[in-house]
Amino acid sequence: MSLTVELFDLPAHQFRVFWGASGSMWQSLWDRFLDFTGDNPLALWTVGSYVYTSLIYWSIGLAYTLLDVTGRPAVLRRYKVQPGTNEPVDPARLRTVIRQVLFNQFCTGLPLLFLMYYLLPGQTRDTIRQLPTFVTVVWQLAVCILIEEVMFYYSHRLLHDGRIYRYIHKRHHEWTAPIAITAMYAHPVENVLSNLLPIAVGVWTTGCHISVAWLWFTLAISNTLHVHSGYHLPLLPSPEQHDFHHLKFNQCYGVLGVLDWLHGTSEMFHRSKQAKRDYIMTSLEPVRETHPDE
């Protein structure tokens, strides 16, 4: 009996030791980061978050854009969701997208970060310094994901209402075959209502640590860039559902697809060839070759 207990306790003990060491490592790295940047809560939540999210958006977005502009490496063209589109991307349309995204980031994103800071529970240098526990990070991220799914789905469907669609959301749908940086190519009202608030409300609701907020921003921004990219690459999120939305307009409004299933707004998608391709690739064979059109 004691041997059985020891056998079960050993991996648990090793995990506790590993997590303790890992936690100390992350705390040490965080302390060094704050020693370099300063630990002023207002500056970190506003300017720091603005710089960080912009770096995430443009580093991933420009990597995809270089691929769209140059067509190289050519082997990646095999992974196009809609072959023949944006090959190469039109320079004039690209400049229009870049200008709109930069405007949205500065004129709507930055003010919202200030609002986010003032709506959060009181932030101090001590609370900024202390990283949260692993369990806290997990449940707070889960809440953020669920809130985003609900808010994005319903705000997105609202923007497709025929009475307002042409005034706001039509701009985003100029791209029936999207590229990565069109993720934030939108009317400023849409950018606040459907892009920023679904992400920000989870942060307000949980009152999470800034490190959790930055982790959440990273997940949300990188995901929307990948699903707008027009490429279904190995080990990255599948863009099939959102690409189908840009192609058909009235399908696949959500992020996770749960509310689309509940409301029947993905039935056409699930009858399509794209649905068979809707998975994270774990091999190098493009999904269009695994599941060809004919």
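Glycine is no exception: its Cβ is also placed from the backbone N, Cα and C atoms.
In TrEMBL, annotation is done automatically, which means it is predicted and not curated.
Pulled from TrEMBL:
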- 42-67: transmembrane segment (TRANSMEM)
- 101-120: transmembrane segment (TRANSMEM)
- 132-154: transmembrane segment (TRANSMEM)
- 142-265: domain 'Fatty acid hydroxylase' (DOMAIN)
**Complete:** Across the domain 'Fatty acid hydroxylase' (142-265), the model's average pLDDT, rounded to a whole number, is 96
**Request:** Over the span of the domain 'Fatty acid hydroxylase' (142-265), count residues by DSSP class, listing helix, strand and coil in order.
**Result:** 85 helix, 1 strand, 38 coil
